[in-house]
């Protein structure tokens, strides 16, 4: 504006600044010249530093500059130079810009000038102002070149903040004006008093003048003269807040700037905030001058825009005009679709406005919270009034109304507190009093803080809630009564966007409200724990915990009563917390400890146990803040969340399930959008974001709901087990008499379900008692030293304890507290000592919450609890074979029902392995007794007795851990005398109580979750008569029938021919698990060099040899042998446990005298604590086999043996057994097929030789004819040369005529003239074959295109995709344009590499399939025939030689165009007719046999059917019957992905050449472990196997298998350490010597003696299984 009006104030200011700066610079220059040219002037002026300040520095005279101090001299002159440059630059720019505007700009001047000046210049233009500008909100003038400047939305608020900041930064008399003005303005605003533009402008103007004067005073005080008049320590300087920031004490450098750094930081911040305030006020005044004045009547509207339409109505100021003029007092909201700035801003700020409206409506809550925070943060009698006041309002029923009535007094009291703090915040500490009568002002909170601005700022923020409360009170009670009768007119246009936002915000608000209503009680429960255990335990905190425990107990035991008393409970907690807070608060004052001692008669220690003690400042803050927040949490729960919480926890009146609130909001939004006129408009960005958020909210809500249902069901099934397990674990960690009741309850509750609810209730009550007793025992008044026992140590001959053990015994190492035996002791930290039982209690409550939540959910959705109590209710036995997912869900539902017995056995073995002492021998005996029953029905009759034994045995062992009370000072009998052979190790192994070696109680946890405690509905021992029909239909039968093979109907589908991935898993489990179990048995025996391991190896080798025959036997025969192996395994486990007495207790004696026993049975103690392993390891000749100890592998073997036993008893195994029986009938079928293939190959070679011989004869005849013709032509040619026909070019030697069309075309293109004449020397041309005649005689064949590779197929596919039109010409052009892009090239390269990798995988798969084509055809034929045989075996039909004839067609039936195979005995070969294609992909192209000897085969049943002389490929071509099951299996294998196809192709390739794999492993084993004993097999491979044609016989493979097994047994026997050459000394002496005899023979003791032998054995048996499956095992 100054650039356009150089005649105004801006121009005059710039000119004045320019002139003043020039004058000052000239004065400086002249003064310095005179000073340095006239020395007398320097003498007249006197010294530069005078201790008595004179008014000279204040005069506008230049300053004496010191040329030796250049920086300070520049600092003094630089401001004048800067002002000169800035003013001159601004003047020059303005003068340059004004002429450029020209007349056109001056013609537009009325549109651009200040509207206020335009109104003053032309009063007639007032009528042209739009109606929107006739009130407060200015609008944009149509046709204006730029919008008129308007005040910022927060300019008034910024000014208010500036007043507050300036008032409290440095409290003083001069700053108190800002403080009082801020308080007055806030109070004015809170009272809804009328405002006017003139008053606001006047106030800003006055504040600006005062702030400017204040700033000048602060600046002037930095001069030495003013500081001399009002020194800083004087009262006037401190009263007005003048601080000496600049010091003048350095006379040697008078121009140096020295700052006083001894003041606190508010002193330095104060001038900056004052300058900011001045700038803000000046800007406000300028903006208000630019804003046109509102042409409204005297009656004004107060803050109508900020209130939503659903409030109590507009708040109008008291009017002085006529009532009828109210229609003109309106704010017209232009809510159209035009982009007006005044309309868009409220729409954007709607969420914040709504949030502010909610906060304002709940301002009384904020005020009460602020009162409590104020009183707790600032401890004094004055703030104690606020605490009492807040507690009184909280307890009143109509607290909202009462708080509103108290709002004026609260505000006055808060302002008074802030004002007092303001006075005591001034720098007037010596003048202000410290005591008033008998009371110290510090008790009133009247102290001078280090930084008063921080305390004042915090208190003003808390007072802000009082202003909000008063404003709400005035709005509700005063202004609504004075509202005029004339209605408020508001012009609006419908807009759907705020309604959408409002609906979504309401929905989110309901969600948040429900969330807090449901979970705020958890916050209160957490606060109970925090307030009880924060700091030292005292009586009032124990009362808190008692109330909390009482509430939890009622919730667990008596739910209906808990609901009735819950509200009274919260009132009791609130009242008690207020009492505690007041007591602790008042006890901190000076004389109150004396009052309490006199009133109660208690000592300070006893009062401290009550919780009454004086704290430091930090401790007091935490001691009062935690109860204060706890009180606030309880009040919020009581007043806001109690009623909705009671509604959602009512199990009697449950509402029906409703749709999610977000969906309701979305539906309402869609409805509004569909009905509104603006539905066809494009949604805004906020609308799109909102819709996307709603969709995401739907998805998240559905996922969260499903997850909650699943987790709820899972917890319902298993929360009881978790509670029982953790409760017993806590009792075992803290062994005591009080915890014995918990063990007793849950020991009987788990196997006997009728006691479970009682156990939960009694455990809750008893745990609460334990917690209260533990907390009471932590008080200081409880002194265990007063009643502890001091036991006298016995004589050395009166006990078998040595002196060191005697000093560590519980009886003699210190005073014995009798309470420890009951489970109570002094512990710190308190929460760490009590947290275990507290977590038990919370788990018990959580159990009740889970059960009631599930009950509520089912009633709400009208569901019935499932009978079987499963996780997935829709999964039953019918879904077991539907896929992997259904199978996994079924086993999640009924796994324990199916395998509960096996799990019990495994847990028993785990208990034995974990403990290895005398007590678990009883478990082993029970295990043997149960296993010998064999049948599940017999075990079920014994099972209740076993459960009762486990319960009683667990309680007995826990009592052993508790032992006798040590306070009796009586030791156990086995410690009375040295004559008894009881040492500490033996006592520990016998698990006897002892004061020195207490039994390890945590070992009992392995016995507690012992699965003889099954769930009631999954009890595998429930009699069949008691099982309901629904249970049997859902889970299926769980019997161990041994006559499954006699049942003609097998309810399970056949999985041998895999049709899904589930079938593949079944094949692995039911067919190949047996061999894997044998591998585990082998590893179990081989990893432990002992007599027991040798038994494992022998059993494994026997089953490997005769296991296939055993698998084909009936179930009874199979189980007899298998049960013997299981019993041997259990016998080994029990024997190792009994031998642990020798390895743990008498290990020193065994190591000294019976080392061979240790080495024979591999004895070593696996339980720590019996002896020091370092001491026992010193004897190298008899070292303990630490790595070979334990029963880990025995347990793993036991698990797999039990699993295989269940496989044998399954209906699924019948399919495997029938398949094995059918394979036995095909033992030599593969030999016949291979022989037919071999004969066909031989016949084809013979035919090829005959054809070659005939062709050779024809060529010889042709050569002879040509020779005769040549001689004739030569004889005649010598007489008459032929000129018409040139000589024919003879090809060079070795040239063969090309039969290819391209080659022939090339040869014919050579003209005779181009070829030189060929001399017929040697007459080699006679041997040239007539290719043209052969081509004419040959049968014409159509050229067939070569087969494309996988890479070519992939690239062709990719080219077709590129050629297909996708996006039109624009996409193609963009694609062409992107080819040059580097990123696109990289992507294309990656795509090409991906295609190349896929093509390589496909090509490799095809190549492997081509290599194994013959084996694949033979496997397909065998599988087809085996399927037919299996079906006949399953139905029990008779077997004869013609069973498989129906599979294939004979040649006469016309199914195949080729003739059938001629029976043996027919001589000669019938030619193949033209048009009968041979089977592709196989070399077996001839089906005619020459002699009877070609069809020799096996003498087994079904080995020679009627038309069995054909090869596998020909049989497949003549196949007649097709089975849907096999076709589905083929489709399944074709649907595999590339990787799986490649793996299967690789497996088929290995299977087709498995003998080569065996040869390689045998030779590799000999190379790695070269010895005499391993040299025999490679010799057999080279001299027998590789010389056998076509393959080695069955005898060779059996020899290799038996020799490998014998070699393993021999190596195993020589691994024992009692052989002389296996001693430590001998091994160290011969280490690295190749001629060590055991090393040459292969009998050396090594760690890897058997690894490659196991691999070799597996390879041999793998090859044997393949020969059996291919029918190549038997050659006869």
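Any Cβ shown, glycine's included, is placed from N, Cα and C.
Annotations in TrEMBL come from automatic prediction, not curation.
As annotated by TrEMBL, domain 'Piezo TM1-24' applies to 6-647.
For 163-191 (among others), the entry in TrEMBL reads transmembrane segment.
Under 8 Å from some Cβ of the transmembrane segment (198-221) lie the Cβ atoms of residues 58, 156, 159, 163, 166, 174, 177-178, 181, 227, 230, 237, 240, 242-244, 270-271, 274-275, 277-278, 281-282, 284-285, 288-289, all in the same chain and six or more residues away from its ends. What TrEMBL lists as transmembrane segment is 198-221 (among others).
Annotation source TrEMBL lists region 'Disordered' at 308-346 (among others).
For 352-372 (among others), the entry in TrEMBL reads transmembrane segment.
The feature transmembrane segment is assigned by TrEMBL to 402-424 (among others).
Sequence annotations record features per position, and here TrEMBL assigns transmembrane segment to 568-587 (among others).
Under the heading transmembrane segment, TrEMBL lists 710-729 (among others).
Per TrEMBL, transmembrane segment is recorded for 759-777 (among others).
Annotation source TrEMBL lists transmembrane segment at 833-851 (among others). Sequence-distant contacts of the transmembrane segment (833-851) (same chain, six or more residues past either end, CB-CB distance under 8 Å): 529, 533, 549, 552, 555-556, 559, 712, 715-716, 719-720, 722-723, 726-727, 730, 733-734, 742, 760, 763-764, 767-768, 770-771, 774-775, 778, 825, 827.
Annotation source TrEMBL lists transmembrane segment at 946-968 (among others). With a cut-off of 8 Å between Cβ atoms, the residues of this chain six or more beyond the transmembrane segment (946-968) that come close are 731-732, 735-737, 740, 743-744, 747-748, 751, 788-789, 791, 810-811, 816-818, 820-821, 919, 922, 926, 930, 991-995, 998-999, 1001, 1004, 1007-1008, 1010, 1012-1013.
Positions annotated as domain 'Piezo TM25-28' by TrEMBL: 1046-1354.
Under the heading transmembrane segment, TrEMBL lists 1069-1087 (among others).
Residues or ranges marked as transmembrane segment by TrEMBL: 1191-1214 (among others). Remote same-chain partners of the transmembrane segment (1191-1214), defined as residues 6 or more beyond its termini with a Cβ less than 8 Å from a stretch Cβ, comprise 899, 902, 905-906, 909-910, 912-913, 1040-1042, 1044-1045, 1050-1052, 1055, 1066, 1069-1070, 1073-1074, 1076-1077, 1080-1081, 1083-1084, 1087-1088, 1096, 1115, 1118-1119, 1122-1123, 1125-1126, 1129-1130, 1132-1133, 1136-1137, 1434.
The region 'Disordered' annotation in TrEMBL covers 1265-1314 (among others).
According to TrEMBL, the compositional bias 'Basic and acidic residues' annotation covers 1265-1287.
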Highest-contact recorded stretch vs the transmembrane segment (759-777), from 402-424, 710-729, 1069-1087, CB pairs under 8 Å:
710-729
May I have the DSSP-based helix, strand and coil counts for the residues of the domain 'Piezo transmembrane helical unit' (1552-1674)?
79 helix, 0 strand, 44 coil
What else in the chain is close to the transmembrane segment (710-729), if you only count residues 6 or more beyond its ends and a Cβ gap under 8 Å?
742-743, 746-747, 749-750, 756, 759-760, 763, 839-840, 843-844, 846-847, 850-851, 853-854, 857, 869-871, 1005, 1008-1009, 1015
If I take every residue in the domain 'Piezo TM1-24' (6-647) and average their pLDDT values, what number comes out?
75
